[in-house]
Amino acid sequence: PETGRLALYLLGLRATCPPPDPGPQRSLVTWLKYYLEEDWAGSRQHGHPLTSYYQYSLGILALCVHRKRVREEVIRRLLAAEHHGRFGHADGSAVDTEAVAALAFTCLERERLVGSRLAAELRAARRRVRKRMVEAQGSDGFIGNVYSTPWAMQVLIATNKCQTQPAYGQAMAALLGSLDAFTTTATMAQVLPVLHGRSYLDIASMHCREEPDTLTPISPEPLPEMSGTMTVRLVVECPLPWCPQHRLYDQLVPAPVGASLLDVLRAATVQEPHDFTFDTQDTPQGPFLSRVLGLEAQQKKRSYWQLLSAPSTNLQMGVAEYRPRDRETLILRLSEW
């Protein structure tokens, strides 16, 4: 199911004040409702959506922003996941998923798309999520990590807590010092509303007739060229029981200074003895590492390729954004979430 991708598209479409003809939008909304049902078909075997609770939450949020009713059972599936703590990933972080779910809960209540009893349950779940997010704030000010922080801040904005919650000011200070981390369209779309004190819920109440057409294309400045070479140690690990061995690859890989992790992986493929292979998939967040040395990350197995800087620091960027340091050891670890 393309739940998350279609949900993001519908949120973006609503935010850009589309033409009055509702025909195309109505068709897309119908497809999103269908994807939500298909997404949950995986629960019969796995107990979770075929995609993820993050995408499932996005789907409900997008339908709500378009003021479309969602079946109560669809909402209760997400409520049950929150209540039983099923949002976590392998690294223990669940802030982004919890924040999107909390935004969906807030929207459903605000737009009065649910009954009073369910609305009360949604309010209680939102309070629990908000409390956990504040507790997840680190000494660096980030709530979870740099990319989940805008989501958490949107929850504080949408629930009118940004003025009274100290965590919000600390998160904003951390965010303003790390704006260069937001280099893809999807991550920019998460952080821009926060910088203007808005959340995705404000899309539902936009007055499109008053929206001036002031968008103009810009050409991004090219990155400064850097000369020289560096060496990165590339390690591939698979600690899962069904893997043939724990460490599958361990080699030094030369690459140009300033190269991305994706460039390093490409350099490894042409290096003797030509035994390194990998594949990526295009996503709204940029290239997603899907296969390494023939081992595929599969949603049905809840597995993914975790990116680490040795010994155990999670990279907070994708393969196309992260730029390794000279002599850094990078670990690609097949993990479960």
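Keep in mind that glycine also has a Cβ here, set from the backbone N, Cα and C atoms.
What TrEMBL says about this protein:
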type	residues	note
BINDING	T51, S52, Y53, Y54, Q55, D96, N145, Q190, W305, Q306, L307, L315, W337	cyanocob(III)alamin binding site
DISULFID	C64-C107	disulfide bond
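The Cβ of C107 (disulfide bond) lies under 8 Å from the Cβ of L61, C64, V65, L113, A158, L201, A204, each of these being in the same chain and 6 or more residues away along the sequence. Taking a C-beta cut-off of under 8 Å and a sequence gap of six or more, Y53 (cyanocob(III)alamin binding site) has these contacts in its own chain: L78, A81, R86, F87, T97, A101.
Burial estimate for the binding-site residues (T51, Q55, N145): highest at Q55, by number of other CB atoms within 10 Å. For the recorded positions given as C64, W305, the lowest number of other CB atoms within 10 Å of the residue's CB is seen at W305.
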